[in-house]
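First the structure, in the form of structure tokens, and then the observations on it.
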2 protein chains.
Amino acid sequence: MKNVVKIALAGFGTVGTGLAKILKENKEWIKKRTGKEIVISKILVKNLNKPRTLIPHPNTIFVDTPEALFQDNDWDILVELIGGIDLPYQLITKALKLGKSVVTANKALLSMKGKDLLKLAETQNVGLYFEASVGGGIPIIQTLKESLSGNKIKAITGILNGTANYILTEMSQNELTFSEALNQAQEKGYAEADPSLDIKGIDAAHKLTILIFLAHGVVYPLEKLWVKGIENIETQDISFAKELGYVFKLIAQVKEKSGHLQAGVFPALLPQKHILAKVDGPFNAILVQGNAVGPIMLYGQGAGDLPTGSAVLADIISLIKNNYAPNNTGFIESPFKDANILDNVSVVCEHYFRFQVLDKPGVLSALSGIMGEHNISIAQAIQKAQNKKKGVPIVFLTHRARLGDVEKAINEINRFDFVLQPTVHYPIIH
Amino acid sequence: MKNVVKIALAGFGTVGTGLAKILKENKEWIKKRTGKEIVISKILVKNLNKPRTLIPHPNTIFVDTPEALFQDNDWDILVELIGGIDLPYQLITKALKLGKSVVTANKALLSMKGKDLLKLAETQNVGLYFEASVGGGIPIIQTLKESLSGNKIKAITGILNGTANYILTEMSQNELTFSEALNQAQEKGYAEADPSLDIKGIDAAHKLTILIFLAHGVVYPLEKLWVKGIENIETQDISFAKELGYVFKLIAQVKEKSGHLQAGVFPALLPQKHILAKVDGPFNAILVQGNAVGPIMLYGQGAGDLPTGSAVLADIISLIKNNYAPNNTGFIESPFKDANILDNVSVVCEHYFRFQVLDKPGVLSALSGIMGEHNISIAQAIQKAQNKKKGVPIVFLTHRARLGDVEKAINEINRFDFVLQPTVHYPIIH
């Protein structure tokens, strides 16, 4: 066997340079682990003239076209770290067709085109690895594919987006508004100039579909996922939650019920004692409930050059150590059926409501009356005095109730003329 | 390839029956993962006449001698779940010599004889897997061997013993004394009749040496490890810690400093905000600091039939999927050198002191004088009124100081005639 493994790297941004740094810093250690030297032999970049402070290896060649990257095919693994859909799809498809293994961090691509790509990898009997696509350096992909593969997974509950978690942590701990927290996240490099994928829950949704595929062996089409972002969370709801012993988190969750899956990405209240409630700032965590292992949680940095580079390197090492025998999905035959989906109206959980109402007699009784008519039982209520014009907020925490019933109740309540703003509602997760 | 994988199981206690239950419950799911049926074909038990409610498979044969277990050698993997040293050592050695792969949960054996057994497995080129030996169902072994193998590990900080953690949690949250909490743990099945391995830190020490081996590729002899149990922790120290914003945990820790290792098992104070401070009851967690991945934490049930059975199954599936090509240590050549050990006197951290002293003038000044002489700078102090005869407790939290200096200071302080009891001291971990 050769003693050098050659990497063709597509993209030399944050994660690509992170990978290059780790390969340099830990070169001797990686040799002890793999018996090989891992060398980045070619890098596809947009602009060949951009000055580079980090040159991975004296022999590294920078190229600016896919053709040049594939010329001679003198490398072993394609590492795709460009982002986007079309060009990565072309590059990965071409590499797989050439019988090359591929490592990618591209969750959007996997969420949308993963089925095609995994089918192709299976036909070609080559590796398509993607540890870095979910949870940065957290080994959640490996854990689902291997360590927990003998478990039936009952539930996955994750904090999968570090930007959203940073914003919610700042809103909660330092009483910032959403837009103040977002500005701060952008200044610190935790949020991009266009943060919509992160704050609208779409990035977490991409990641959740990947986890569902590995845990349950079915495809959950992205467009069928219930996705709600954090952009409308108000400071007063964060305060009420805190007063009641809860924190806000953007949760990505899938639950299995008799062969059907219930899944979504949404802001929710978690009790302060919940293990995920302690996951603050840009950190990610994934709580997995297996029918044998019980609850386990993996926690770490969900982004960043070195953590994500570490996950890419884990895939490269895994391919080398298994002599490129692929274990892409953790299943003998990749299962590409669509999930049996349980509609979200049938979700049963506790709920948080905030009504903004005129402060007049009969209001509380009318609100609780509607709740009762829809089988929603109130566990706690808070009413506070406030500015007369804007009305007063009334907060209810309820016992477990169907989401379908909750939606009906909210529709009726919003029709009352004493209700001054659309009712605010969030699920509570235990 | 055969479609049935036959297991010879040594021991049919908690974990053995857990494994059998999972294999039964998840049989079809495991086939989707491995393409095989996993069957427990023989079980070595002490007493053949004991009635068994769970029979793993219609063809399972119960035997009561090692000879009968090995007769015909008509199985593929030995799963050793007896516990103890001598018999497991014999069984595993014999299996490895026959070219059979072995899965074990036996941390004491691995800690004491792991080097011999891994050398033998390497010579024979067969698998010796031990995911269940540390952290129950938590995939920490796999994570160190594979996902983080490209990282240099700077520190591991673990809560590795569920019994000790349950006791400390009860002492802290429900204000039980140590012996009340121990009794309760025994009643609930979290502690054994003889709990000394757990409460004295020895079980955690066994596990720590296994983690050190995988993370650093060196043998840290058990007898060189600094090990201190929880049996002398007093209720008042738990209360003072709480008042100051800290919790007590039995910590297993290794830190790397310029190629040297500093390791120990000891009770320590953790800030309530520390991610490990939230690990309560019988749960375990391991925080790993890698030079690329940064901090990651794995959390789950450290014991129990199904969680530990899940880890045993993970090893079996891993052996099957890799076609028995062993990856026992995560190194190309297993490194069996002894660790370069940094003496614990050179540990630098913050400290908690409690002095029990006569309430008379000059005491505080004498205590703080000795501290100053040994370069220990006081960060916080508490003095409370108490029973005159027993004296008053004075608590100091210090800034970072060398453990060697702390020990010298304590020796001098304990010689004062106003000091009524030996001074209590614990490290603080951040």
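First residue shown is number 1, and so on along the chain.
Including glycine, each Cβ sits where the backbone N, Cα and C put it.
TrEMBL: automatically predicted annotations, no manual curation.
In sequence order, A:Leu9, A:Ile43, A:Val79, A:Leu81 are the residues near A:Gly16 (NADP(+) binding site), counting only same-chain partners six or more apart with C-beta under 8 A. Residues or ranges marked as NADP(+) binding site by TrEMBL: A:Ala10, A:Gly11, A:Phe12, A:Gly13, A:Thr14, A:Val15, A:Gly16, A:Thr17.
The NADPH binding site annotation in TrEMBL covers A:Lys107. Look at A:Lys107 (NADPH binding site): DSSP puts it in a helix.
Residues within less than 8 Å, Cβ to Cβ, of A:Glu192 (L-homoserine binding site) and separated from it by at least 6 positions along the same chain comprise A:Thr163, A:Gln186, A:Asp198. In the three-state DSSP scheme, A:Glu192 (L-homoserine binding site) falls into the coil class. According to TrEMBL, the feature L-homoserine binding site maps to A:Glu192.
Taken from TrEMBL, the feature active site, proton donor covers A:Lys207. Around A:Lys207 (active site, proton donor), the same-chain residues six or more apart in sequence whose CB sits under 8 Å from its CB are A:Lys107, A:Ser111, A:Ser133, A:Val134, A:Gly135, A:Gly158, A:Leu160, A:Asn161, A:Ala252, listed in sequence order.
Predicted-model confidence for the domain 'ACT' (A:352-427) is 93, expressed as mean pLDDT. Annotation comment: TrEMBL describes A:352-427 as domain 'ACT'.
Look at A:Ala10 (NADP(+) binding site): DSSP puts it in a strand. The binding-site residues listed here are A:Gly11, A:Gly13; among them, A:Gly11 has the most other Cβ atoms within 10 Å of its own Cβ. Other than the site residues A:Ala10, A:Gly11, A:Phe12, A:Gly13, A:Thr14, A:Val15, A:Gly16, A:Thr17, same-chain residues with C-beta atoms no more than 8 angstroms from the centre of those residues' C-beta atoms, the NADP(+) site, are A:Leu9, A:Gly18, A:Leu19, A:Leu81, A:Ile82. Under a cutoff of 8 A between CB atoms, and with a sequence separation of 6+ in the same chain, the neighbours of A:Val15 (NADP(+) binding site) are A:Leu81, A:Ala105, A:Ala132, A:Asp305, A:Thr308, A:Gly309, A:Val312. Between the candidate binding-site residues, A:Thr14, A:Thr17, the densest Cβ environment within 10 Å is the one around A:Thr17.
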